[in-house]
Amino acid sequence: MENETCSGLMCDEEPTRIFFETPEDMLNPLSINPSFLPIVITHAVIFLVGIIGNTVVIVTWAGSKPTRSPTCTFLVSLAVADLLLLVIYVPLETVGYFVITWDSGGTICKLSSYVEMLSGMASVLNLTAVSIERFLVIAYPILARRYCTVSTCRRGLCVVWGLALALALPVCFTKLHIKRIEKSGFNVTNYILLSITKNYKLKPNY
């Protein structure tokens with residue numbers, strides 16, 4: 001497999017190979033990678049368990065007023081972040097093991113990586129908010145009665161998700177465009193989202 005172009009970014013290492021080299025390989029994925037089936041099964045189990053568990057958390061919180069404390073509200077927000085990852089990222093990640101190339105414009109690739117980053121940022125920020133709220137309740141109980149309220153929690157959620165949306169944006173502007181010619185004659189174009197690491201360096205387009 002030969003790398004024809006690598007526009008916008010220059011790769012220091014050899015080109016990344018896609019999972020299937022030819023359409024025929026898709027009919028027998030285990031011959032290419034014995035771990036193919038375990039990977040797909042693992043994704044399916046994570047998807048089902050995650051959807052059921054997080055949905056139960058949200059439904060329980062919505063149907064019971066006593067559970068609508070600031071702590072529980074942030075934990076429900078955490079469940080929403082997990083659901084976002086499970087519903088959008090996990091299926092798209094799994095599809096990547098079945099197809100040679102797709103999403104010619106790179107839009108779905110960007111969406112998948114953005115949702116992954118957004119979910120991670122939101123999870124960290126929600127847990128941080130829970131830690132701060134618990135610290136105030138334990139260390140400063142009188143002060144907590146004034147500030148750790150449901151209305152304050154709602155404003156905190158706006159801050160958490162606003163920061164998460166903003167912090168996840170850079171991943172949408174990091175894309176590597178690689179064209180490949182397969183041995184069988186198929187022309188394959190890959191759109192690979194990258195993190196900025198020592199393996200890649202920017203160079204101007206000419």
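From the backbone N, Cα and C atoms, a Cβ is placed for every residue, glycine too.
Quick look at what TrEMBL lists:
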TRANSMEM  36-62  transmembrane segment
DOMAIN    53-206  domain 'G-protein coupled receptors family 1 profile'
TRANSMEM  74-100  transmembrane segment
TRANSMEM  120-144  transmembrane segment
TRANSMEM  156-178  transmembrane segment
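The transmembrane segment (156-178) shares the most Cβ pairs under 8 Å with 120-144, out of the stretches 36-62, 74-100, 120-144. Sequence-distant contacts of the transmembrane segment (120-144) (same chain, six or more residues past either end, CB-CB distance under 8 Å): 70-71, 74-75, 77-78, 80-82, 84-85, 153, 156, 160-161, 163-164, 167-168. In the predicted structure, the domain 'G-protein coupled receptors family 1 profile' (53-206) carries a mean pLDDT of 79.
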